[in-house]
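What follows is a set of notes on a single structure, which appears directly below.
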Amino acid sequence: MIKKIGVLTSGGDAPGMNAAIRGVVRTALSERLEVFGIYDGYLGLYENRMVQLDRYSVSDMINRGGTFLGSARFASFYQDKIRSIAVQNIKKRKIDALVVIGGDGSYIGAQKLTEMGIPCISIPGTIDNDVSGTDYTIGYFTALQTVVEAIDRLRDTSSSHQRISIVEVMGRHCGDLTLAAAIAGGCEFIVLPEIDYKKEDLVIEIQAGIAKGKKHAIVAITEYICDVEELAQYIEKKTNRETRATILGHIQRGGAPVVYDRILASRMGAYSVELLIKGYQGKCVGIQNEKMVFNDIKNALKNMKRTFKKDWLITAKKLY
């Protein structure tokens, strides 16, 4: 029977992480459990930087972006000797289980700790929406709103100058954020990691649009596919249309979480504690068809590639 739990946020921050921490803390306290917050993710676990949390520790946190516990990327945590020190720190505090909020890298750490005797439940927190076992991740909808607002602003200036604008969106190997933002923002062209990309083909599509009378256009592209500044120069040379690239960058991770992210994070935080109380470990929570679900972290990591929303792309192309 667990009496104390710890909670940490790891990897890239995402709007709604504070709401998830709040969900964990308030639910645990309602079940008469003690809760410890761990600063800066697995790094704080290794350095033994923890603090006991009460209900007031998470007051006025549901609407705040980022994570008040801090986060860090700590590659050394993959080393057995580093994790052993972290486990010792957990045991010194008599913490019985952990809730880990983050992306796939955080999942790996949680699985390793579970295998070392520390029960863990993971919550998907990343704007990339690239974690399997869930329809949506915490932070995705807020980032989507941010990207669409940026596209709206770019369209204002692009239309004024009859310009082609390229907007680079986060997502790593997953195009969910780019695709959804492109549909909502009315982008004329979409470049995703899930589909074959050739700059020559993109130019042909753009030229076809110009031939139809298109005076300006927005190209939405997921990060890491190509150098967008070089792409802008190439498009401008081939089309004789002024072309500019905008990299949205880390602004996509900031800001107060939108309503859906607050609700999702609160539900996932509460559900993770409920699973620990029932004796589950090595699980990751998710939402599917608006219902809370859980899967083995190990299975989620084996099947990390999400199903590509091909039907969304087909719809988007019809709307050009």
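Heads up, the Cβ atoms here are built off N, Cα and C, so glycines get one too.
Same-site candidate for substrate binding, as annotated by Swiss-Prot with THR126, ILE127, ASP128, ARG163, MET170, GLY171, ARG172, GLU223, HIS250, ILE251, GLN252, ARG253, chosen from ARG155, ARG244: ARG244.
Just one of GLY6, GLY12, GLY16, GLY175 is listed by Swiss-Prot for the same ATP site as ARG73, PHE74, GLY103, ASP104, GLY105, SER106, and that one is GLY12. ARG244 (substrate binding site) falls within a strand segment according to DSSP.
Once the Cα atoms of GLY12, ARG73, PHE74, GLY103, ASP104, GLY105, SER106, the listed binders of ATP, are compared pairwise, the greatest separation found is 13 Å. Distance noted between the C-alpha atoms of ASP128 (active site, proton acceptor) and MET170 (substrate binding site) is 7 Å. Surrounding the centroid of the Cβ atoms of GLY12, ARG73, PHE74, GLY103, ASP104, GLY105, SER106, where the record places ATP, the chain contributes additional residues within 8 Å, namely SER10, GLY11, GLY41, GLY102, GLY109. Each of the binding-site residues ARG73, HIS216 was assessed for Cβ neighbours inside 10 Å, and the highest tally belongs to HIS216.
Within 10 Å of GLY103 (ATP binding site), counting C-alpha to C-alpha distances, fall the following of the binding-site residues TYR56, THR126, ARG172, GLY186: THR126. Distance from the CA of ARG22 (ADP binding site) to the CA of MET170 (substrate binding site) is 26 Å.
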